[in-house]
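Some notes on the structure that comes next.
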Amino acid sequence: MAFANLRKVLISDSLDPCCRKILQDGGLQVVEKQNLSKEELIAELQDCEGLIVRSATKVTADVINAAEKLQVVGRAGTGVDNVDLEAATRKGILVMNTPNGNSLSAAELTCGMIMCLARQIPQATASMKDGKWDRKKFMGTELNGKTLGILGLGRIGREVATRMQSFGMKTVGYDPIISPEVAASFGVQQLPLEEIWPLCDFITVHTPLLPSTTGLLNDSTFAQCKKGVRVVNCARGGIVDEGALLRALQSGQCAGAALDVFTEEPPRDRALVDHENVISCPHLGASTKEAQSRCGEEIAVQFVDMVKGKSLTGVVNAQALTSAFSPHTKPWIGLAEAMGTLMHAWAGSPKGTIQVVTQGTSLKNAGTCLSPAVIVGLLREASKQADVNLVNAKLLVKEAGLNVTTSHNPGVPGEQGSGECLLTVALAGAPYQAVGLVQGTTPMLQMLNGAVFRPEVPLRRGQPLLVFRAQPSDPGMLPTMIGLLAEAGVQLLSYQTSMVSDGEPWHVMGLSSLLPSLETWKQHVLEAFQFCF
């Protein structure tokens, strides 16, 4: 999936002019139209392969399914809540974001919110504008010596931590992915959630909105917090249960809250916004000139680099595709797809478990990107759905009734060939096993069911191969096969045979085109199949 045919991009939200310029300088056609209805968006996408949005455009399943040419959706920002990821993935559409673009702006807003909560600056400003001079009402608290709990220690959480440490705050945090050692490297003591609640004077959330993070702060967790805790949410509406927050504010369990995001935007229920101890903004986390310019620039560069085959970054729904752009991994992706195509041609439409096994130091972590490529080869011929690719392979293989396992064989130290990088694809419990490798940048078939090819058989994209197994003692076999090719009007381009395995070698013929039928062939050989990937 090289995206070489991605030629036209629609920008449907307001972005910095640098975005359009970078795309055009990269050879892409660009259309900019904003405030489109769903119907207008679908109409505009009919001749566009790419779409770039901010948060206003809703890329729903209806839009995705109606956009026949759409290949890539780019989100100029971090959150992809406005893109139906499941629908995009099912259709094989790549979704990208710019995770670095607005990190600093979001972190700075969070820090500003913490300071405003501590000193009630917005409330005091409103009082002054109302003609009042009320010094006693707005008694604040120092940040120095207070404990800040940071839930989510990604880019934004880290930036918040280092800035608030400068105010003398002690920073503790929680992140299921970041290790305690990494957290400690930027001054955060990582603790379990149940230990964080009673410790913190301030809590700020910086997680994506997932089922596991929805309502992370709720009636139960507020009850475990220190009385008078202050809460900041500049991440995603819904991470803090808004009803529970209001009850905590009303009871005094929560002394104040700063909200840049809401479950519904704009919020129709004004109870939180109107509460005197709540500071609120209309989702301004990324609303700085620098962030908008950075996000527009980053997503445009990502599109151009992708089209030119240089690199792929910011991928949300297809990590395997990122690896496909690596110079080392790219030929192995091609081998994996070829092996999957071979396996489908050989075993028919297999059911059960396909085993994908890597061997060799450089392939230690490659299984997760190679197995989707094997699936692409397996399903591409059999699937009656949309094109199978590295984006939707894992989703579609389950629906095809197949289970795919991935493992790594480190080899036995000192054993001959143990350091060789190999890819094995096999159907569990059935006599179908193929082993391949990469020579230079060329995928090669090394073995079929233990029968070794010396030299290996090149697996070149677009090159039809006929594979068959026959008795080694039949001297008339090869002339008969060549005669059958001539009758079908197919030229023989190459021919290789394996070493004898169980008395029967495998033969591989490179052909000018696939044969119309193998029925006649199967009368002369023990087994035969053909494929082209």
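Using N, Cα and C of the backbone, Cβ positions are placed for all residues, glycine too.
Candidates Thr78, Thr171, Thr358 were compared with Swiss-Prot; the annotation phosphothreonine appears at Thr78. When the candidates Asp62, Asp175, Asp305 are compared with the NAD(+) site entry in Swiss-Prot, which names Thr78, Arg155, Ile156, Thr207, Cys234, Ala235, Arg236, Asp260, His283, Leu284, Gly285, Ala286, the shared residue is Asp175. Of the residues Lys21, Lys129, Lys308, Swiss-Prot records the annotation N6-acetyllysine for Lys21. Residue with Swiss-Prot feature N6-acetyllysine, selected from Lys58, Lys170, Lys226, Lys398: Lys58. Sequence-distant neighbours of Thr78 (phosphothreonine) (same chain, six or more apart, CB under 8 Å from its CB) are Asn97, Thr98, Pro99, Gly101, Asn102, Ser103, Ala106, Ala286, listed in sequence order. Asp260 (NAD(+) binding site) and His283 (active site, proton donor) are 5 Å apart (CA-CA, integer value). On its own chain, Ile156 (NAD(+) binding site) has Ser103, Ala106, Ala107, Thr110, His206, Ala235 as residues at least 6 apart in sequence with a Cβ closer than 8 Å to its own Cβ.
DSSP classifies Ile156 (NAD(+) binding site) as helix under the three-state reduction. Ranked by Cβ neighbours within 10 A across all protein chains shown, the recorded positions Lys21, Lys58, Arg236, His283 are led by Arg236.
For Glu265 (active site), the same-chain residues that are 6 or more apart in sequence and have a Cβ closer than 8 Å to its Cβ are Gly237, Pro282, His283.
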